[in-house]
Structure formats: structure tokens, C-alpha cells
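Step one of this worksheet: look at the structure below.
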Amino acid sequence: MTTTNLSALADPLRLYDEVFGSRLLLGTARYPSPQSLEDAVRACGPAMLTVALRRQSAGTPEGGAGFWKMLRALGVPVLPNTAGCYSADEAYTLAQMSREVFETDWIKLEVIGDDYTLQPDTLALPAAAERLIRDGFKVLPYCTEDLVLCRRLLDVGCRALMPWAAPIGTGRGPTNPYGLRLLRERLPDVPLIVDAGLGVPSHATQVMEWGYDGVLLNTAVAQAGDPVAMARAFAMATQAGRLARLSGPMPERDVAQASTPVVGLPFWHADKNSA
């Protein structure tokens, strides 16, 4: 591998005023066991770990003091989220509680508008983001690929966005490639992390090839037959997609073009003519 390729793989993810060595963020819910979560984290080396305050109770496998102690031991920055909130006020309150519990200004902002699709509430989301940003939070809003919504979130002070690929937990991959690619094209300087709906590593590679800055995963890893191996696969896929983007892929063509050029006559024609 050349020096150029090595530096491309090592290029950092920049969110707000911080730099991260990985472009993969990992959720911490629904793993078969705390040990499988710990092993998956070590396998993929994520930039951040998302944690829902509402799940941190002693009665859940991923809850309690032991879980929090394990996260601290891993040394990976924690990104609390407001999962399960259905209003701006509810999300605001939970974010404030998360700041106290996890001692961080980072928040993955979720305000759900529909129980069936878990689609973000496009009206409440900017309102909640604006209030939290005024309070000094570094807000990463879970949103759709809607360009107008994304611009509104930027207008209220968000400096990075997390559009979905598909509804949470479906594993369908990008259901609106046109919308995601258009969003990347129209917001070229904004950090964009695809959050929700990715199911297999090739989905991560695809969005990274489109120019997205990172991916956030949970169910695709936690519910895999081998979460540790899948975490490693997603890490490699994310790097591959990023490197492919930086390498400048060849343009698509409508007609075939020979990869081996033919210059002049075949050598046996030349020998025959000279005889």
C-alpha cells in the first residue's frame, strides 16, 4: 500500500471541534451479552458509542453500574441519545439528564414522529435542537434525507447531521439513494453520518463511496450471528468506502471500452508482412 493510501485511511472524522480516528459509530443496545458488546467494540474501534439513558437500569442486560464501568474501561467517547422521545420538551429534558449522568455535552438528538416507521418528527426536531444548542450541547440530530429539514437544522446551529438510510432496525440499506446523494451534493461541507437502516457491510461501503463522512450502526452488528466478526467487517467496509471515495472512482459509461488498447496490427501480421 502506498503512502497516499495509508494517509487516506488515517484521515480523521471532524465533528464540531473534535477529531476522531474512526468513521464508524456504534450503538450499545440489543447485544447477546455485555461481553459480546465489549468484544465488538474492540474489534471495530469506533469513534463513539451511543447510549440511551432510559436503558441504563439494573434490570436490563445493558444497564446498571457494571455496564457503565465497562464503557469507561473501553475508553471510547460516549454519545448519549434521546431515544424514545416524542416531543421537543421530552427530548430536551432527557438530554439535560444525560449530560449530568454521562458528563458530556454530546447528544444524539432523536424526536420520533411515527411509531410504525420511527421516522423523526420534522417539526419538533429543529425546535429541540435549537434549545439544546443554546445550552451548549453538541447536537447530532437523527433526521431524514429531506434537504429542507437538514437546512433548517443547520440554520438553528447544528454543525453535523445524521440522516437515515432506512427506518431503524430494518437493515434494508439506502432506500432513497437519489435523496442521499443529492443531500451530499447540496451540503458538501457539512459532516454527514448515515444513521439507521444499514444491514450489511456493503451498505456502509456504498454510502461512504457517495461521500458520506461516517456511519452509525447498532442492530446490524448486535443482531448478527457473530457480532464481533460483523463489527470488524463493518469497520473494514467503512474504510474501503472512504478510500474509494478519496481515490476518485472512474466515471460510469453507457458503452463498453476495452481495458487493453490495441495499437497497430497484431504482431503476427507484422511478421507476415515483413516476410
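Sequential numbering from 1, following the chain as shown.
Positions of Cβ are set from backbone N, Cα and C atoms, glycine also.
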Please state which member of Gly169, Gly179, Gly211, Gly241 Swiss-Prot lists alongside Ala196, Gly197, Asn218, Thr219 for binding 1-deoxy-D-xylulose 5-phosphate.
Gly169
My understanding is the cutoff is Cβ-Cβ under 8 Å with a sequence separation of 6 or more in the same chain; which residues meet that for Asn218 (1-deoxy-D-xylulose 5-phosphate binding site)?
Leu26, Gly27, Thr28, Ala29, Arg30, Thr50
Cα nearest Lys108 (active site, schiff-base intermediate with DXP) among binding-site residues (Gly169, Ala196, Gly197, Thr219) -> Ala196
If you count, for each of the binding-site residues Ala196, Thr219, the other Cβ atoms lying within 10 Å of its Cβ, which residue has the minimum?
Thr219
Tell me which of the binding-site residues Gly169, Gly197 sits in the most Cβ-dense spot, judged by other Cβ atoms within 10 Å.
Gly197
CB neighbours within 10 A of Lys108 (active site, schiff-base intermediate with DXP), counting all protein chains shown, number 26
